[in-house]
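Some features that Swiss-Prot has for this protein:
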type: DOMAIN; residues: 540-593; note: domain 'TSP type-1 1'
type: DOMAIN; residues: 653-702; note: domain 'TSP type-1 3'
type: CARBOHYD; residues: Asn142; note: N-linked glycosylation site
type: CARBOHYD; residues: Asn168; note: N-linked glycosylation site
type: CARBOHYD; residues: Asn227; note: N-linked glycosylation site
type: CARBOHYD; residues: Asn277; note: N-linked glycosylation site
type: CARBOHYD; residues: Asn323; note: N-linked glycosylation site
type: CARBOHYD; residues: Asn367; note: N-linked glycosylation site
type: CARBOHYD; residues: Asn437; note: N-linked glycosylation site
type: CARBOHYD; residues: Asn536; note: N-linked glycosylation site
type: CARBOHYD; residues: Asn591; note: N-linked glycosylation site
type: CARBOHYD; residues: Asn717; note: N-linked glycosylation site
type: CARBOHYD; residues: Asn933; note: N-linked glycosylation site
type: SIGNAL; residues: 1-22; note: signal peptide
type: TOPO_DOM; residues: 990-1074; note: topological domain 'Cytoplasmic'
Amino acid sequence: MKGTCVIAWLFSSLGLWRLAHPEAQGTTQCQRTEHPVISYKEIGPWLREFRAKNAVDFSQLTFDPGQKELVVGARNYLFRLQLEDLSLIQAVEWECDEATKKACYSKGKSKEECQNYIRVLLVGGDRLFTCGTNAFTPVCTNRSLSNLTEIHDQISGMARCPYSPQHNSTALLTAGGELYAATAMDFPGRDPAIYRSLGILPPLRTAQYNSKWLNEPNFVSSYDIGNFTYFFFRENAVEHDCGKTVFSRAARVCKNDIGGRFLLEDTWTTFMKARLNCSRPGEVPFYYNELQSTFFLPELDLIYGIFTTNVNSIAASAVCVFNLSAIAQAFSGPFKYQENSRSAWLPYPNPNPHFQCGTVDQGLYVNLTERNLQDAQKFILMHEVVQPVTTVPSFMEDNSRFSHVAVDVVQGREALVHIIYLATDYGTIKKVRVPLNQTSSSCLLEEIELFPERRREPIRSLQILHSQSVLFVGLREHVVKIPLKRCQFYRTRSTCIGAQDPYCGWDVVMKKCTSLEESLSMTQWEQSISACPTRNLTVDGHFGVWSPWTPCTHTDGSAVGSCLCRTRSCDSPAPQCGGWQCEGPGMEIANCSRNGGWTPWTSWSPCSTTCGIGFQVRQRSCSNPTPRHGGRVCVGQNREERYCNEHLLCPPHMFWTGWGPWERCTAQCGGGIQARRRICENGPDCAGCNVEYQSCNTNPCPELKKTTPWTPWTPVNISDNGGHYEQRFRYTCKARLADPNLLEVGRQRIEMRYCSSDGTSGCSTDGLSGDFLRAGRYSAHTVNGAWSAWTSWSQCSRDCSRGIRNRKRVCNNPEPKYGGMPCLGPSLEYQECNILPCPVDGVWSCWSPWTKCSATCGGGHYMRTRSCSNPAPAYGGDICLGLHTEEALCNTQPCPESWSEWSDWSECEASGVQVRARQCILLFPMGSQCSGNTTESRPCVFDSNFIPEVSVARSSSVEEKRCGEFNMFHMIAVGLSSSILGCLLTLLVYTYCQRYQQQSHDATVIHPVSPAPLNTSITNHINKLDKYDSVEAIKAFNKNNLILEERNKYFNPHLTGKTYSNAYFTDLNNYDEY
């Protein structure tokens, strides 16, 4: 008791000491090491997002073959997005019909569950194979990748897609067109299976209701690797005898497996599984048992896996890396086998330690795998555990659960490193660096927050595109694109190097943080990735929210007034580890009551007069301070006045008289000046001018015209037919002037007349043309100019494609003289010539890319073309020399059989024709596959012993006798032979069945409708599985429950255009109510 009191006192003292010394606690806090965290606000400018109205659960992401588009599957929707900016290319709504929803509601499911959740999204060539839960009635479609609305086939999603959106599943599509799916095959999810369908191989599945094959699995991923298809999942450990625990598994099947014959029909004969170990080593290892996600690096044959603790355990996660060789080694080792339910699990030697899916070439089991069918029934679980590359997990973290993983291989300055992106269950992505040589430990480089503060939700999917270094994240309400190289995020050299980011380094020349590809020279590129980055714990202080306004008091001299006050604290956050204190006031005061006070008086204003009695003014205001919020106003006057200049007499008053009238304008038109005057009374010194001027009569003067009289007629030195010409002159002048005397004679006018020499007609101006009269204005010796003849056309400036030529003439025939008129018109003329285009020689364009091979097998060809269009030959130019098409052979390997066997010939029709048919067994025929007709006809072939009725009527007596030669003796002989042959066949079948009566209780069976009663004395010692291991059950139910359209082992492509509702067998009807 005393010791307890001492301990309590110590803890109490320690608490009091911490309260009294907070600086010591802060110092400890600032010395801790944390990884950098990029907030949603910081990463926001780098993100690209896509959202769609009413679309949620963006859980399926894949890329088109050209890696230019992102295909997204959400609830009730399919989307095609641009990889660059996630802009929408196409959106297709894929919703359940009302009848399907009502059927789902009737089975007790909620509205949220009865939707179409996309769970399979696979790209095969130019097609998109996708499946959805379709309100617990799964359905699959085969669409065009370039147009999602174009549906080529629609088939049932049973065994290809889960019924419930809560069930985990995985699927892959091989190059041969086979679909491998791992999912639940029934409505309640009690029949899990790894199932193969489509393609040319028969459908197969794991044994039904056999916990040694699959025991409540959660499927994670699947990969097509070499001869095998690998599946990764977690399940309840059937080999664990003490309680219930979950183990992680790697399973594989051969891709050429066609099932068994008599045993394991429609069932895998090559299915094997092994446990995956991911644990923290120690005297008592700490196991991470539950596999959550995987990522396969085919270049290095490495598989990264995320493992967590059980859901009811402490949260912890780890990343373990497995080599394919280690997985293959486990499958080559011994099996773990339990003889019966009371026996222990013991190792059993592997009959085929180096099994590589070889097949039997001849005999009864031709084309079956080399594995013995009885061994395939018994030996499922491998004894050895698959160990990771390193004994310690590559990365571990407590108090956290990872859900998805993606891996990128990055070339650093000195070495290759692996970058692991881990999605957490609370909506962040952790970026971890793992060295390849394992000489140093892994580092958590940063954690990216995809949601604002205080908002958390799990990540639905994670896909990485190595060619563009981007990460795509599927969330509930949107898709996010995150660039992996964000070197511009680091502004200084210290932050760039200190980030320890393998993608980034400091370029000494450009003086900025760049990626290795952006750097000008590796020698000038600095990078350090030898340590782990630490988070800067310095926190600058920021104020919190203001408190509500509260009443408070203040003292104003001797008076006390009331105010409203509010405060805020520097605690959002408080400054830590050397951070800045908050800037700004921590308290605000408002609405304080205040009494008014007078300001001091202003100075007296100048006197209102310079002489004689005037007055002066001074003022003050009630603003020192202004009364506010109920304060007292000022008492007294705010203005005072007084007289001034009482004794200063003014001198006599001098003033101007009024202005006199305007004097006469100096001009009658065209603008003049006029003046007016005034007189200064009582003195000579009045301010201002005594004369004022202004413009007047600004209107324009009228136009005046003055013409001189004609001069006498005078003869001109021009004669005509014995007569002569005479001329006379006068001058005319026009102007706008106020005085007509200012006009002067200007322009000369000439007038001519003709006088006959005989004096009979006198002189007259009649008959003189205007041109002659005009010419008469000049001297008699005036010579007008005239053009010479045109010269020949000059040579064309171009040989083709439109040139120019010209010709000239000169004004010298005669030249104008003595004031004669010059030549009229141009002296130079231009004309187009050689207007035909120039010939153009053709030139080949660049070769087009090679086309796809015309056939996937059996010998096809691909080709490329070019055209004589760079430029094309024209106007007589030479054509291109050479071939415009090149072809080459491709895919010369022989094709697998794509047609089913021909059916039997039909009965002879009335038209005398028999018909038989065949079907294409490929869902995706390519090239020459399934070429030819699906039906074939021929004329009827009659039996030689059959004679038509028409022939009987016309037959001879000899023919009748020939038909009657088959008598009773022949019938007895045939009957005895048939009886003996039947007995022999019955004996052979009985002997064969006795041979297999001792087969293992691991035979694949389904639940019988009415199982045989068991011995009650040992019922308590036999597990549920042993109830269905009897020989009788094997005889009655030696086949698996396959999909109806696949019971014949082959997929019927002609049924894919229909929509199938799920069909349950009789033995499954009792589960429909769950």
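Heads up, the Cβ atoms here are built off N, Cα and C, so glycines get one too.
For Asn323 (N-linked glycosylation site), the count of additional Cβ atoms within 10 Å of its Cβ stands at 16 [all protein chains shown]. Over the domain 'TSP type-1 3' (653-702), the average per-residue pLDDT in this prediction is 85. Taking the glycosylation sites Asn142, Asn591 in turn and counting surrounding C-beta atoms within 10 angstroms, the largest count is reached at Asn142. Near Asn367 (N-linked glycosylation site), with the C-alpha within 10 Å of its C-alpha, lie none of the glycosylation sites Asn142, Asn168, Asn227, Asn277, Asn591.
Assigned with DSSP, the residues of the domain 'TSP type-1 3' (653-702) fall into helix, strand and coil as follows: 0 helix, 16 strand, 34 coil.
Cα of Asn277 (N-linked glycosylation site) to Cα of Asn323 (N-linked glycosylation site): a distance of 12 Å. Among the glycosylation sites Asn168, Asn933, the residue whose Cβ has the fewest other Cβ atoms within 10 Å is Asn933. Close to Asn227 (N-linked glycosylation site) in the fold, though at least 6 residues off in sequence, lie Cys254, Lys255, Asn256, Gln356, Cys357, each with a CB less than 8 Å from its CB. Between the candidate glycosylation sites, Asn277, Asn367, the densest Cβ environment within 10 Å is the one around Asn277. Remark: secondary structure over the domain 'TSP type-1 1' (540-593) totals 0 helix, 21 strand, 33 coil, with classes taken from DSSP. Ranking the glycosylation sites Asn142, Asn168, Asn591 by Cα distance from Asn933 (N-linked glycosylation site) puts Asn142 first. Distance from the CA of Asn142 (N-linked glycosylation site) to the CA of Asn168 (N-linked glycosylation site) is 22 Å.
It is 76 Å from the Cα atom of Asn323 (N-linked glycosylation site) to that of Asn591 (N-linked glycosylation site). Classification of Asn323 (N-linked glycosylation site) by DSSP places it within a strand. The two recorded residues, Asn142 (N-linked glycosylation site) and Asn591 (N-linked glycosylation site), have Cα atoms 74 Å apart.
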